[in-house]
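These notes concern the structure reproduced below.
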């Protein structure tokens, strides 16, 4: 009876390759996955991890490259001005082995968001530093600065927005509604029978699609599995265009924009961070995979939880399990994500339909 074991051996490799575009199993480590077609960032991370760098260091290499290239104008300096015309940076790094996290938010004057986040993780007992004090810390630890994070392009975009009476913006229930302020609150009384859900529907459908889109605020969120099988994730973004100064999105929030657990897998997210961070979708994805869900089911489930409350939100998720299987899910837009594995000659871009 020796034939059956040999049949199983020959069938299993076929099972791993006969799958659709939504779920793909890489042949072996290392592996790099990133939101959006940020191909050069993935190449940089791959070069590092393929040469033997740790998952954490490789994530930093990848995200740093995107910051230097100012990917889509939404990563690094020079993009997404706030209401005052200033660009600020949010970033996060998470080690799936130790569960350590370092993050910076609304950071001014320092271009290196992901490196600043790593400094927080390596040299403090904290998880998140914010604002000008985050900048002071990063500079004191050796990063270049202070530097003006605005660019001619961001200032031109801001000037045109000002000329359009600062519309659209992120204000609500304020007066005057159609100007650049100064603003004062208007009375807003919710009906007793009006639920939080219906309020969310109203606010999102009225204004969300005007200000959240493919080139208004996209995060690079990256996951790397290194040669040892260890996982790390990182994010970097300059946030939502024309945001209220001081706004922090989901980029530096562990469990929202990214999450990693070494024995389970990782998740990367992008989209309307103000909505998505209320649901911690990446934490949800990783915990769902811990319970046995396939990546594509876990990603779809996390997106569906948000869409039930906010049907007009825009967002996307990439899920990656410890086996190297990856899958995407999205809502409100067509989403693309990038992958590099040993089976690939170069970075491949996968398309996910809503």
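Even glycines carry a Cβ here, placed using N, Cα and C.
Curation does not apply to TrEMBL; its annotations are automatic.
For residue 219 (active site, nucleophile), other Cβ atoms within 10 Å of its Cβ number 31. Per TrEMBL, active site, nucleophile is recorded for 219.
According to TrEMBL, the substrate binding site annotation covers 247, 248, 249, 250, 270, 271, 272, 273.
Residues or ranges marked as signal peptide by TrEMBL: 1-20.
Of all Cβ atoms in the shown protein chains, 27 besides its own fall within 10 Å of the Cβ of residue 273 (substrate binding site).
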